[in-house]
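This report refers to the structure that appears directly beneath it.
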Amino acid sequence: MKLYEYLLEGTKHFTLIDPDKSVDYLKIARYALEAGTDGILVGGSLGIRESQIAQVARDIKSVAHVPVVIFPGSVSQLTEEADGVLFLSVLNSLDPYYIIGAQVHGAVLLAKHYPRLEVISTAYVIVGDGGAAGFVSMSKPIPYTRPDIAAAYALAANYIGFKALYLEAGSGAPQPAPPEMVKAVRKAFPRVLIVGGGIRSGEAARAVARERPNVIVTGTLAEENPEKLGEIVKAVKSA
């Protein structure tokens, strides 16, 4: 089964592992797998080399029975050791580089050097606090009080033809995107919807999952309190 087809099936939980933050990334991966996570995202906003991302993906693939997907913070974070890559365009960045500049560079690299990697075009929309991703990409995060603006971006992503949309509250966000915003984006975008950032409890995960995104991502929690992943995964799958 293709990765994209897998993502379309119901609501799944993915664990984000940032090798720049997680020295013992295999320990986190094992916790996530035992908790029942449906996939692993690998990547981060800062400080990761191509050789590092390749080694991490290879190591995780050796113990994982779920897809390993690159969540790139730069064009250097590519490897065929993974199953696929979210080909991100930061729609609400104020810098054209993060909307299309990096993508032109990355597209050439993918075509020449990583032809077997499944590429999923992904509209990346940063909301709320925005975290490191919002800061690095020079974005103007959408306030949680304006789900209508998030929905407008989702409509644009749909009409442009993105295969996926990632609604990002940011790494370590104090709160996740509110259910009202997820609902509005879900209504406007009919393909793969990914929601991440600020999800630290089963209750928060369940509230987001009820709006039927395709993927719910937890990252900071996996780094700081991996024992709690089971609660999150259970909430996602029981919503």
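Including glycine, each Cβ sits where the backbone N, Cα and C put it.
What Swiss-Prot says about this protein:
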{"type": "BINDING", "residues": "ASP18, SER45", "note": "Mg(2+) binding site"}
{"type": "BINDING", "residues": "TYR166, LEU167, GLU168, ALA169, GLY170, SER171, GLY172, GLY197, GLY198, GLY219, THR220", "note": "sn-glycerol 1-phosphate binding site"}
GLY172 (sn-glycerol 1-phosphate binding site) and ASP18 (Mg(2+) binding site), compared by Cα position, are separated in whole Å by 12
Extent of the sn-glycerol 1-phosphate binding site in Å [max Cα distance among TYR166, LEU167, GLU168, ALA169, GLY170, SER171, GLY172, GLY197, GLY198, GLY219, THR220]
17
Give me the CA-CA distance between ASP18 (Mg(2+) binding site) and THR220 (sn-glycerol 1-phosphate binding site), in Å, as a whole number.
9
Fewest other C-beta atoms within 10 angstroms of its own C-beta: which of the binding-site residues ASP18, GLU168 fits that?
ASP18
In all the protein chains shown, the tally of other Cβ atoms within 10 Å of the Cβ of GLY198 (sn-glycerol 1-phosphate binding site) is 26
Count, for each of the binding-site residues GLY170, GLY172, the other C-beta atoms lying within 10 angstroms of its own C-beta, and report the residue with the smallest count.
GLY172
Hey, does DSSP put GLU168 (sn-glycerol 1-phosphate binding site) in a helix, a strand, or just coil?
strand
Where's the emptiest Cβ shell within 10 Å among the binding-site residues TYR166, THR220?
THR220
